[in-house]
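Features reported for this protein in TrEMBL:
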- 74-97: transmembrane segment (TRANSMEM)
- 103-124: transmembrane segment (TRANSMEM)
- 136-158: transmembrane segment (TRANSMEM)
- 164-189: transmembrane segment (TRANSMEM)
- 201-222: transmembrane segment (TRANSMEM)
- 289-312: transmembrane segment (TRANSMEM)
- 333-356: transmembrane segment (TRANSMEM)
- 362-384: transmembrane segment (TRANSMEM)
- 393-413: transmembrane segment (TRANSMEM)
Amino acid sequence: VYMLIIVMSSATQIFCGQLGNVQLAAASLGNNGIQVFAYGLMLGMGSAVETLCGQAYGAEKYEMLGVYLQRSTVLLMATGVPLAAMYAFSEPILLLLGQSPEIAGAAAEFAYGLIPQIFAYAANFPIQKFLQAQSIVAPSAYILTASMALHVAMSWVAVYRLGLGLLGASLTLSLTWWVLVAGQFAYIVLSPRCRETWTGFTWAAFADLAGFAKLSAASAVMLALEVWYFQVLILLAGMLPDPQIALDSLTVCTSIQSWVFMISVGFNAAASVRVGNELGAGNPRSAAFSAWVVTAMSALIAVLAGVLVFLLRHKLSYIFTGGEAVSRAVADLCPLLVGTIVLCGIQPVLSGVAVGCGWQALVAYINIGCYYFIGVPLGALLGFKFDYGIKGLWGGMIGGTLIQTIILLWITFRTDWNKEVLGANLILIVRLSRSSLTIQAVTLSNDSPISHARPHLN
């Protein structure tokens, strides 16, 4: 599912890249810069559903899943309003951040068409997490595959037949996301597999939004800081000499890295759901076993993908653009790309374990320290002060990711899973004790303790 999502965005960039190098750079800045800001925030806030639904499903409190889905959607839709305003003023924001006027103007045009996508995110991520908590993945994959085929056809018509350029490409991407939302929601309403977990719309969705927002905020900070990390790299690359080549080569590399990263994000979801289900069901050994098996599988796939990418380093750029200068720049960056791919085969899965356990606040602090107090300053120092350019920027930021991965490995290794089970069950008991056990009377004012959960270490 996650792989298809990133392929859909990459397809849009490929269509834009065929219009010229400036359009490719603009689509990169719009898609991997501006759009990723909203994606990271919405995905992070939606991950609150992953923790709550996963543990509730494991504890067989099925009626709560639909309430959490609706409550999260309400919060995310409200969050989408200020994000839409940011998109509307993207050109002056990009100019303020030091981007060239030509690229900033084109990127803003692309961003205008992505405004409807913000609200599609707000609906999609809670729906996606709701289904994943029940181990329902195949329907989303089928719907997304059909949406992907429709997206390619509509993009070709909008960009080439109608000549709508960057705006047409981004509007088509937004429309495709709404098709995806409609298909998945129709499945939830109509499928017998969701009969116990979806009982219809309820006013309980508006109960204790402040308490639910605390966990959503912790989840957003944790995951958004990860997603935004490489957005910072894109923005810094736009300030280098000859930013067009720097952005184009980085676009190719980050797009390829994103394809592999989405495989790891799939394992992230599997780890989160499995660990959350097992903790809710009271199975500590199964939770620990699931965490390590999923991490090992994702790491192995990442290593194999890294080897393949390195072997094809001189040909990768031609998927996006035909320029020889970009091809040489991509080949030169390939060792850094491979290192990023391997690390991203491990780190997202460990973050998934953290979501399943409810450690979002702790991991948010780790991410701030490793990414923004180590990785970004080190990358800026190497890239600008020591004139290593894009290689220095990227190399420094890889250092931050490496430190973060080591810390998460240590925490997971030292976790006392028996105490994690007790903590998860206690939170469920406290939450449900404040309910009348009917959906209409749910008040549940105790969502917030999860946002302050800490791992129990040996």
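First residue shown is number 1, and so on along the chain.
Using N, Cα and C of the backbone, Cβ positions are placed for all residues, glycine too.
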**Request:** Kindly say whether the transmembrane segment (164-189) and the transmembrane segment (136-158) touch, using the definition of 3 or more Cβ pairs under 8 Å where each pair is 6 or more positions apart.
**Result:** yes
**Message:** With Cβ-Cβ distances below 8 Å as the criterion, list the same-chain residues six or more beyond the ends of the transmembrane segment (103-124) that contact it, or say none.
**Reply:** 16, 22-23, 25-27, 29-31, 33-35, 38-39, 42-43, 73, 76-77, 79-80, 83-84, 87-88, 90-91, 94-95, 165-175, 177-178, 180-181, 184-185, 238, 243-244, 247
**Asked** Looking at the stretches 74-97, 289-312, 333-356, 393-413, which one shares the most CB pairs under 8 Å with the transmembrane segment (201-222)?
**Response** 74-97
**Request:** May I ask which of the stretches 74-97, 289-312, 393-413 has the most CB pairs under 8 A with the transmembrane segment (333-356)?
**Result:** 289-312
**Message:** Cβ under 8 Å, sequence separation of at least 6 from the ends of the transmembrane segment (74-97): give me the contacting residues as numbers and ranges.
**Reply:** 29-30, 33-34, 37-38, 41-42, 45-46, 103-105, 107-108, 111-112, 114-115, 118-119, 121-123, 125-126, 205-206, 209, 212-213, 216, 235, 238
**Asked** the transmembrane segment (393-413): which same-chain residues, six or more beyond its ends, come within Cβ distance under 8 Å?
**Response** 229-230, 232-233, 236-237, 240, 250, 291-292, 295, 333, 336, 339-340, 343-344, 346-347, 350-351, 353-354, 359, 362-363, 366-367, 370-372, 374-383, 455, 457
